[in-house]
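Copied over from TrEMBL, here are the features:
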type     : residues : note
SIGNAL   : 1-26     : signal peptide
TRANSMEM : 221-243  : transmembrane segment
TRANSMEM : 287-312  : transmembrane segment
TRANSMEM : 324-346  : transmembrane segment
TRANSMEM : 358-382  : transmembrane segment
TRANSMEM : 388-410  : transmembrane segment
TRANSMEM : 440-461  : transmembrane segment
TRANSMEM : 467-488  : transmembrane segment
TRANSMEM : 500-522  : transmembrane segment
Amino acid sequence: MRPLPGAPGVAAAAALLLLLLPRARSDEHEHTYQDKEEVVLWMNTVGPYHNRQETYKYFSLPFCVGSKKSISHYHETLGEALQGVELEFSGLDIKFKDDVMPGTYCEIDLDKEKRDAFVYAIKNHYWYQMYIDDLPIWGIVGEADENGEDYYLWTYKKLEIGFNGNRIVDVNLTSEGKVKLVPNTKIQMSYSVKWKKSDVKFEDRFDKYLDPSFFQHRIHWFSIFNSFMMVIFLVGLVSMILMRTLRKDYARYSKEEEMDDMDRDLGDEYGWKQVHGDVFRPSSHPLIFSSLIGSGCQIFAVSLIVIIVAMIEDLYTERGSMLSTAIFVYAATSPVNGYFGGSLYARQGGRRWIKQMFIGAFLIPAMVCGTAFFINFIAIYYHASRAIPFGTMVAVCCICFFVILPLNLVGTILGRNLSGQPNFPCRVNAVPRPIPEKKWFMEPAVIVCLGGILPFGSIFIEMQWTSFLSAASTAIYVYMYSFYYYFFKTKMYGLFQTSFYFGYMAVFSTALGIMCGAIGYMGTSAFVRKIYTNVKID
């Protein structure tokens, strides 16, 4: 076996990981300005209001650009690129605390083709998004008259920017200047900027974008309390039944242990004790099983860490920061995948550990990247802003090969060496014992289907694929519900919207299933190990 990568490999991995982090020390990301310093108005996307995921570049509509041609900086993070955030400079000259009187910044030569593009956008209720100092601004392209015969374009952007000290804390846009769309005419686009002092604190400037009424509605609190009490009730009920059954079994087995050999019939074991020689037998297909367990443990670790970071840090205040953080945490927690997957594979007697390591390392990235690349081709065909640049694809592949894989290798080696030896509380029979006949509701197919309905309501002592799939089947019901939500709760339509929605919902549901399956297996494994440890077995 070759030695682990040295300092050059670690340096390369660290450099790639730094690409994932938002740049916190570059120009507008400092969020401080001097008087008359450049403030950039970024144009982001435009698209139908009822289909928020269907977005296109702002200048895909025949808008014109301001007279200012260059800016002092430009920035983009990996998270922004993956989310389709492709900012373009508006060309408007804005300076900190410097008012701009109403004036024309460009002119649109409206021919028939451009008019048809604007009319289509107005018919479909197109809206656009802009950014100033990371604060989002929304506006409507135009409107139609009551008869739907004439269409009007909003030509005047009135910006009111609030500042507190040397920071921008509030931005508001008012669209005015309604002009009728008539072919072969010229339309002048104008803007103005008004700066005003605000009492809003910088750390509270995103509060107006949140839903302040959420915590005021009693129905939300009732739903949360109801879900919490349901979980407590199910766990308590199952635990009570289970403990009562176990006490009876322990008392019965202890009574048998006090008998002498003449009175005890060793061949007449019953209950879960009779399968002690087979319950710790390696699962079928241990390579893929251990890879799924390792991936599920990693997804659980990533979810927990990202939730904690989101509670501590306001990740929603930076574009793409949530996705960048999730990618960074996923790459950094790769040893978790290797440790749990590698150790389980070793305990089950697996010998092709390098193959298992590759499958475990690339299982989730291959699923996500494969779905994203498929949807990306459709996005490119539709010229949507969701299309991922080729350079971003290369960066993601480099992260997989030069960061995730080496860290997964470290975790696999640690897992095999530290906890890769079998330590079962009882021996495993050399010859599998015939499985007794079971009732229909104890068949694996039925257990898997019913286990996902109430994940906390069923506990099984068999240590094979059933313990994984019964918890993982929760994802099936989540994906089934997504069909109902798509057809009855959204107004999405078209190939791009359908593939985008169901593609990423499949990725989310699969990841949820792998995580729930891993947790279900780990809990079941701990339970089985505990009950067989407390029973004397010859």
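Yeah, the Cβs are placed from backbone N, Cα and C, and that goes for glycine too.
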**Item:** Contact call for the transmembrane segment (388-410) and the transmembrane segment (221-243): at least 3 Cβ pairs under 8 Å, seq gap 6+
**Value:** no
**Fill in**
Lying 6 or more residues past either end of the transmembrane segment (500-522) yet within Cβ distance under 8 Å of it, the residues of that chain are 53, 292-297, 299-300, 303, 340, 364, 367-368, 371, 374-375, 378-379, 386, 451, 455, 463, 467-476, 478-479, 482, 486, 490, 492
**Item:** Other parts of the chain folded back onto the transmembrane segment (358-382), taken as Cβ under 8 Å at six or more residues beyond its ends
**Value:** 82, 84, 287-288, 290-292, 294-295, 298-299, 330, 334, 337-338, 341-342, 388, 393, 396-397, 400, 404-405, 408-409, 412, 495-496, 499-500, 503-504, 506-507, 510-511, 514
